[in-house]
Every structure is written in structure tokens, then in C-alpha cells.
Amino acid sequence: MHARMQPHEDRSRSGMSRSEAMELEDQLEEEERGGNVVVGSSSANANASTAETGKKSAGGSKPKRRRGERIPPSKRIRKAIAYVNKYASGCFGRVERRLVCTRSISRHSNQKLLDFCVECKKHKIKCVGNFPCGRCLKKGLECVIETPPRLLMNKDEISLNLQRLSHMETILSKLMPSMSLDLPSLEAKIAELSESLQTYPDKVLTDIELGSYQQVTLNETQTYYEDAGSNESFVARVHEIICQGREFQVQHKLTNKGNKTFEDILDPADNTVASLIHALPPKDITFYLLMTFWQFSSDNNHFYYNTKLFAAKVHHLFDDPTSFQSKDGGFVCMLLLSMAMGSLFSYIRHPEFLSDENHDRWTYPGSQFYQNAKLLFPKVISESSLETVQSFFLAGMYLSPTLAHEVVYMYFGIAMRAAVANGMHKKSANAQFSGDVAELRKRLFWSVYCMERKIGISLGRPESLVRSEIDIHFPEYRESLDSQNFIASFRTFTLAIKISLLTNKVYDMWYSSLHGKANLKAATIKEIVNEIEAWRQQLSPDLEIQNIGPDSRSYRGIVHLHLAYHIVRIAMGRPFLLHRLRERTMNSKTDEGARLLTDKLISYCYSSALHIVDLLVLLRMHKFLSVYSFMDYHSCHAASFIILVHLLINPSEQTIEQLNTAIDILNFVTDRFPLLKGSTDVITNLRAFAEQSEVYQSRLNATEPAYSTQVPFFPRDADYHNQINLQNLWNDENINASLEALFNDAKGFGFLLPADNFIFPSDDGDM
């Protein structure tokens with residue numbers, strides 16, 4: 001056992017006298033120089049150790065420190081720890097060097113709590129003595145002083161953090177001006193966010209069942225649809241749970257037969273329907289107009305109704321007109337609008353009608369039928385049935401050749417909303433009908449959707465129905481429908497829908513990039529161009545223009561299908577054409593990558609403009625060019641603009657000839673329908689202005705154009721759509737970077753803005 005040390009007046013806080021401490025220091029010094037000092041050993045051992053130490057000292061080691069010489073504090077403490085750990089660990093416990101306080105503890109009463117050892121701090125008593133303290137030394141406890149780590153930061157780091165805090169405060173003040181930046185407000189906001197980010201079990205969310213609510217209210221022509229978020233759907237789910245699976249029927253408030261309906265309040269008598277039936281033309285004239293409509297319009301990539309059933313109902317109307325009452329107002333409205341549509345195309349059978357001197361060119365054919373149909377619009381809207389969709393679809397198609405764009409947009413909007421109200425855009429809503437009825441509803445919806453988007457695009461309006469909400473498939477072949485003579489070809493109709501969706505995709509791409517909603521890259525353009533050309537490859541040989549004759553029933557519809565293909569190509573390349581025109585006008589330069597991409601897509605666009613003119617020349621030659629067709633006139637109008645801009649960029653005699661051909665077609669239409677003369681004058685005035693400019697004259701006299709514009713006239717080869725090879729276009733690594741200037745130039749996308757005199761044509765219809 002270690003002998004207890006006697007008290008001494010000169011003992012330090014460690015319990016050693018000054019002489020004993022000096023002796024301990026001498027022993028540690030000897031041990032450091034290689035000596036073997038053992039406390040409590042015999043004198044013999046001590047002498048032997050001294051002799052051995054003397055030998056090492058004689059060998060050239062450091063001289064022995066003189067008594068009283070002061071050792072640096074850090075060295076003294078380190079040596080004391082080594083001695084305690086080696087010789088006195090049984091009494092004090094082992095001392096950890098990493099926890100040692102490297103300075104003497106103050107004896108003043110106001111010493112910091114940080115300098116207290118763990119045991120003294122635990123018992124809340126004063127820590128007295130050096131290290132180890134007196135209490136730990138007396139009780140044989142391990143004396144540990146916890147020293148928290150200190151974060152050392154230089155001035156640069158502090159300055160950087162202050163700048164970051166200043167910037168963050170500026171951002172917060174801009175984004176959240178109502179929030180105060182004082183400490184209590186920030187702490188309250190953190191608590192609020194922490195509470196909102198709490199995690200909850202997901203099982204309750206997966207157990208919630210939401211379903212759409214669909215009910216047939218009257219018959220196959222009128223349905224009532226509401227999605228899962230509606231009040232009726234919620235009531236239906238509650239009723240289902242209460243009834244515990246038993247059958248139940250929730251009737252819509254407007255179909256309750258026990259009370260007077262809202263429709264009865266609006267139209268208490270059927271005098272209007274009866275008077276309009278009485279004012280119909282004779283049966284032979286009625287069917288003549290209907291047959292004209294079905295032959296020249298209904299087969300052109302649209303579907304309106306089942307013509308076989310419609311014709312049977314018209315026969316019944318003339319045989320027994322008294323059987324039709326106010327509830328048949330939708331059918332009578334459809335009949336009047338169909339006759340108005342037939343009036344637009346009646347001159348195709350008798351073209352001399354438009355050349356008659358007694359013909360008033362300012363009269364719109366079928367306007368009286370249209371005015372009579374408008375009398376039934378309030379009743380048709382209130383029914384919200386399938387006939388509502390068909391009636392306003394026909395009304396929009398009838399006015400689409402005119403410049404009443406806002407009215408047409410409203411008509412198609414009503415048709416679209418009626419289709420959504422009837423659930424025609426949902427697969428589950430159509431599943432309860434028979435195969436033919438479900439297919440007819442599907443075809444009608446796609447026709448309305450494509451035309452509504454076409455008019456919306458031309459006016460710069462957003463989508464009325466988001467594409468992701470539509471889950472019905474494309475039309476499917478049914479022999480019972482497609483074998484009929486007056487039902488649109490299944491293949492042509494499906495292809496028209498697909499090219500219409502591609503046109504929407506192209507316009508959405510440019511519109512999103514203009515408003516910074518998409519990071520447009522050359523890869524995106526490549527993808528869409530490939531989709532367009534993949535659609536072109538789907539056309540079978542019997543749908544090629546050179547393989548069909550003008551006597552074919554579907555000739556006009558197939559020509560419109562090809563017009564749709566070239567329209568979407570024009571939409572793809574027109575921004576690059578405007579960009580090149582601005583470059584030439586301002587004498588600016590572009591890098592090689594941008595020039596390559598621009599040249600290719602200008603050729604892509606310009607080639608399609610020439611093809612559109614060729615197709616319209618064919619229609620005019622075979623007397624199928626319609627004066628009152630939206631597609632015929634506005635596709636020619638769009639192609640004329642492309643050729644005109646191309647003429648300003650690369651003037652040539654060939655381009656002038658092509659532009660004159662397009663303007664001749666426009667004049668042919670406006671001479672017989674003067675309401676469109678304003679749109680034609682825009683082209684002719686721009687042509688006259690361009691021909692008078694000095695830049696135009698100087699480029700016209702140039703020997704070489706900026707790039708090749710040699711595109712053959714019709715008839716073209718079967719693979720003419722592949723003549724513009726774009727495969728090598730996308731290999732240039734600099735293309736993506738060079739597009740930035742083009743996409744940041746908002747003026748280059750002026751074609752997206754509404755224009756009274758320029759409506760970009762659709763791709764899916766006959767009107």
C-alpha cells in the first residue's frame with residue numbers, strides 16, 4: 001500500500017511538498033533521458049540505476065537539469081500525467097490526457113463553471129486544487145474536466161457567412177414580404193413548417209375509395225356525368241355506404257319526372273319546333289342538301305352523327321310531322337344545320353350557280369337554315385345531351401369559313417363542354433353503351449376536340465380540356481359502321497386525329513418556350529420531326545394522291561389529310577423562317593450550328609408550302625376547290641405567307657411564279673366570297689411592298705441564292721416527303737447552344753399571337 005503522506009506546511013494542492021515535487025521532477029527527467037527510476041526501491045537498485053544512467057549520460061546525452069530550473073508548464077503537466085498513470089493509477093484512477101485542462105484553475109470565488117470537474121459540478125461544490133482536484137484526489141475518483149470544442153473561424157469565413165445571411169434576408173423579404181425577420185417570427189415560422197412536415201401513415205390514403213359518377217338519365221342520347229370531386233358523387237358514395245351495397249338510384253334534379261323541369265319553365269310550349277318543321281323545304285330538296293353535305297363534307301375526316309339512323313328519322317319526320325314535339329328540338333336543330341352545311345357545297349355539283357349574274361356574292365349560302373336553327377339554341381343548351389354536342393359542332397363548322405372567329409370559338413366551346421358533361425371523354429362513361437353507340441360517341445368527341453383545339457390555336461387560346469383528362473382510345477373499326485356509304489373512312493379519320501394531336505404538340509412546344517416554361521433543345525425538335533415523318537409513313541398506297549382519282553368518294557378527304565401533314569410541317573419550321581428574315585433585314589450573323597439548323601427547317605417548311613399550293617391546284621382543276629371551306633382557303637393563305645417570306649430571303653423567278661399561283665387561288669375564292677377579301681389583300685399588299693424594296697431587287701439580280709430552293713412541282717415522287725434529309729442535322733454538337741438566341745427572341749414567335757387577317761389552318765377537317 002502506498003504510505004499516507006504526512007501533512008506539511010509547504011504542501012501544494014497535489015498533496016506533495018516542494019522538495020518531493022522537485023524530487024519527482026528529477027526522476028521524470030532521468031526517466032526521459034533513459035533512466036529507470038522506481039519509487040520505493042532499495043538503495044542497491046537505486047545505485048544500479050544511477051550507475052546505468054551515468055553510463056548513458058557519459059555517452060553524450062543531455063546534461064542533467066539543475067535543481068530549481070523551471071520546466072515549461074505544458075511539459076510539467078505532461079510528465080506529471082505520465083508519472084501518475086505509471087506509478088499511481090491504483091490510487092487516482094487513470095487520467096485521460098485529452099480531457100486535461102491545460103491551465104491552472106483559478107482560486108478566486110468567481111471562477112467559471114466551465115473549469116469545474118465533472119464530480120464537483122455534479123455535487124454542486126467548489127472545485128479546489130490543481131489537477132486532479134482535492135476532492136477527487138481524496139476520494140480516489142477519476143478527475144475529468146469537460147472542455148467543449150471550440151469552433152475557430154477566420155475573418156474571411158465570418159465575412160462570407162455574413163454576406164450569405166444578408167442575401168438570404170433580401171430574398172426572404174422579396175418572396176415573403178409579410179413575414180418579419182426578427183428572431184421570434186423566424187422561430188414561429190420554423191415551428192409551423194415543422195408541424196406541416198410531420199409524417200402520417202399512408203394506409204389511410206390508400207383505403208380511401210373515389211369513383212366517378214355516371215348515370216343515364218333519359219336515353220342513349222343524353223347522359224349525366226360528374227367526376228369524383230362533385231357533390232353528386234359524394235352523395236352517391238354516402239348513399240352506397242348507408243344502403244350497404246343494395247341497389248339504389250340517385251336521380252339528377254333536372255330529370256325528376258314528378259315535378260316541372262327547368263326546361264319546361266324556359267320553353268313551356270312546342271310552338272317553335274312545330275313552326276320550324278312546317279317551314280322546311282320539300283322532302284326532295286331536303287335530302288338533296290343532306291346528300292350533298294354527307295358526300296362533300298361529312299367524309300372529310302370528321303364525324304357528326306350516324307347518317308343511316310339520321311336519314312330514317314328525317315323520313316319519319318316528313319311522314320308524320322305531328323309526332324315531333326318540343327323534346328325533339330335537338331334533332332330539328334341538327335337537321336337545319338345539316339341543310340345549311342349542304343348549301344355551302346351545293347355549288348360543287350352545279351358550279352355555274354356561282355357564275356350567275358343574278359347571284360348575290362354577299363349572301364352566305366344556307367343562312368336562313370342557320371337563322372332558324374338559332375331559335376332552338378336555348379332549348380338545345382338546356383338539354384345538355386348528345387344532340388347539344390352535335391348541334392353546336394355543326395354550327396361551328398358552318399361559320400368556320402367566315403371571319404366570325406369569336407363566335408366559332410364559342411360554338412366549339414359549348415360543344416366541348418357538353419361532351420364533357422356527358423362523359424364522352426371517359427372510358428368508363430362509354431362502357432355502359434352498346435358497341436356501336438360507344439364508338440359513335442368516341443368518334444364525335446375526337447372530332448369536336450380536334451376542331452376546338454384548331455380554333456383555339458388560331459386565336460392563341462389555352463386548352464379547354466387538358467389532354468391528360470382524356471382516357472378514351474382512338475376510333476376502332478366496326479363493320480356495322482364503316483361499311484356504310486356515308487360514314488367517314490376509319491383509317492382516314494384516325495390518321496386525321498393523330499396529325500391533329502401532333503399539330504397541338506408543335507404549338508405547345510413553341511408556346512412553352514416563348515414563356516420560359518420549357519427548356520427547348522434541338523433534341524426536342526428532332527423528336528417531333530421524327531413523329532411527323534413516322535405519321536407520314538403510316539399512309540398506305542391507296543391513300544397516296546397519285547394512286548386515287550377525282551371520281552373517288554374520298555378524294556377530297558384524302559387531299560385534306562395530306563394538307564394536314566404539310567400544315568404541321570409549316571408550323572414546325574415557320575419560326576426559323578421569321579428568324580432568318582430578321583437576320584437578313586438587320587444584317588446580323590449567326591454561328592455555323594444555328595445556320596445549319598435554320599436552313600434545314602426553312603427548306604422543310606418551304607417544301608410543304610409548295611406542296612399545299614400543288615394540292616389546291618389539283619382540287620381547283622377537278623372542281624373540288626371549295627369557296628366556303630376553312631381548310632381550303634386558310635391552308636392556301638398560310639402557304640402564301642411562307643412563299644412570300646421565302647421570296648424576301650431568296651428572291652427568284654421561280655418563287656415569284658409559285659407565289660402568283662397561290663394568290664390566284666386566293667383571288668378565286670374571294671371573287672366568289674368577298675367577305676374574305678381582307679385576308680387576301682394582306683398577301684397582295686405585302687407582295688407589292690416587297691417587290692418595290694431595294695433589297696429585294698438587289699437579291700433578285702444575284703447570281704446565286706443563299707441556299708438551294710430547287711423543289712420540283714407536282715406530280716412528285718411517292719417518297720417526296722423524304723427529300724429533305726434531316727438525319728445528319730442533329731449530329732452538330734453546337735446546335736443546342738446556338739438555339740439560345742433564337743428562342744430568346746420573342747419577336748420570332750409573333751405567329752402565336754391572334755391576328756384578324758391570318759388564322760393558321762387546322763389539320764383535321766374539311767372546313
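Each position is counted from 1, following the chain as shown.
Backbone N, Cα and C define each Cβ position, glycine as well.
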Candidate ranges 117-143, 441-467, 657-683 [criterion: Swiss-Prot lists as DNA-binding region]: 117-143
Across the DNA-binding region (117-143), average pLDDT on the 0 to 100 scale: 80
DSSP-assigned states of the DNA-binding region (117-143) in counts, ordered helix, strand, coil: 12 helix, 0 strand, 15 coil
